[in-house]
Amino acid sequence: MAIASTLASTQNPFLCLRQPPSPGNRSVVFRRCQDPCGRRWISRSIRACQPSDKLGGDGGISASAQRLYFGKELLSFASDNFLPLALVSGVGLGFANPTLGCLADKYSFTKISTCGIFIISGLTLRTEAIGAAVKGWPLGLFGLISILLLTPSFSRLIMLVQLQPRELVTGLGIFCCMPTTLSSGVALTHLAGGNAALALAVTVASNLLGILTIPFWVSRYIAGGVGVSFPTDQLFRSLIVTLLIPLIIGKVIRESFKGFANFVDNNRKLFSKINAICLSLVPWIQVSRSRSLLLSVQPKVFLAAVGIGILLHLSLLAFNAVSIRILSGLTGGSKSSKENSTAVLLVSSQKTLPVMVAVVEQLGGAFGETGLLVLPCVAAHLNQIMIDSVLVNLWLRRGKDTSTKVKTA
């Protein structure tokens, strides 16, 4: 009996949640037990005056809370996938209402957006990050050789494919002669835990040197296949004006105004989204201008062109992976070598869309309808980002599994 009375006197002094007595009353009732005299317990109720917007009448999550959660998840998804969504939206808007796109083309918005892309690239270019990549120079040098000298030869195989309209194949062939992507390769390298500084150095160097190599490869592999004369000198000058000078302007602004440089560094996501918007203007304008012609393309033909773009990227990944493994075996493997290999594999297997668009614009329709040339490359650009994103996620999962096994052992 003494034990029972002792247990009865030691009730939990914390708050206890009790359901309201009536289903219609949505207020919450709390019971708190006090022992002011040390002999008996006194219960006092505290009733919430305002109904909760997070709990329903049955204790579940309310509809407003569910909508708020769904909205946050949707905004997070849109922020994480802003570039693919912007490109797809540009293509969709061009098909849905080509009037605005044609008006933008009349006022040369494509050239303005292309210059804007490279000005932003110069604004976000960190000099110290390039200097940090010196240690990975052997693989970095291979990356440049692969991007500028080896992978453009894949366009010769692409040009052997027989598809009508011919511009779909020609566009992919031109796309294959381009340098690496301006931002996605570096971003994915950082996400995968690779040497982002090395990836940035290879990206900058390949895009600058690409001004010299693009006219040569397009003239050799593409112009002969379609039977047109290629204005190499004119394209070289145009690329300098459209790509190199805006990049230098952006870099000079960054180095001249340190306060603005800090603002750019603190808002890199904002400038990345502005860059994506500028890039999405290109397919929007091109699709709007060539809408009637694009609608005449059979779906199975376009899907075949998309399949060729996917096969191209997988082939570049396989080629670079084998080459990097051989080179890493010769130079000796280490943790830093693995980080460098990840960086070089990603950036050397991607091709840039903005430079391709700049090249096509400068050719003035020499290789056919511009919209047909650009559209399969937009799909190839999206596909390479999605494929590499899946690849990076697989690497991250494998790394987590390995670390878990090590901890368990």
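Any Cβ shown, glycine's included, is placed from N, Cα and C.
All annotation found in TrEMBL is predicted automatically rather than curated by experts.
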The annotated transmembrane segment range in TrEMBL, which must be one of 168-192, 268-292, 343-367: 168-192
Segment proximity, the transmembrane segment (140-161) to the transmembrane segment (198-223), 3 or more C-beta pairs under 8 Å: yes
Positions whose Cβ lies under 8 angstroms from the transmembrane segment (235-253), at least six residues beyond its ends: 111, 114-125, 207-208, 211-212, 214-215, 218, 260, 355, 358-359, 362-363
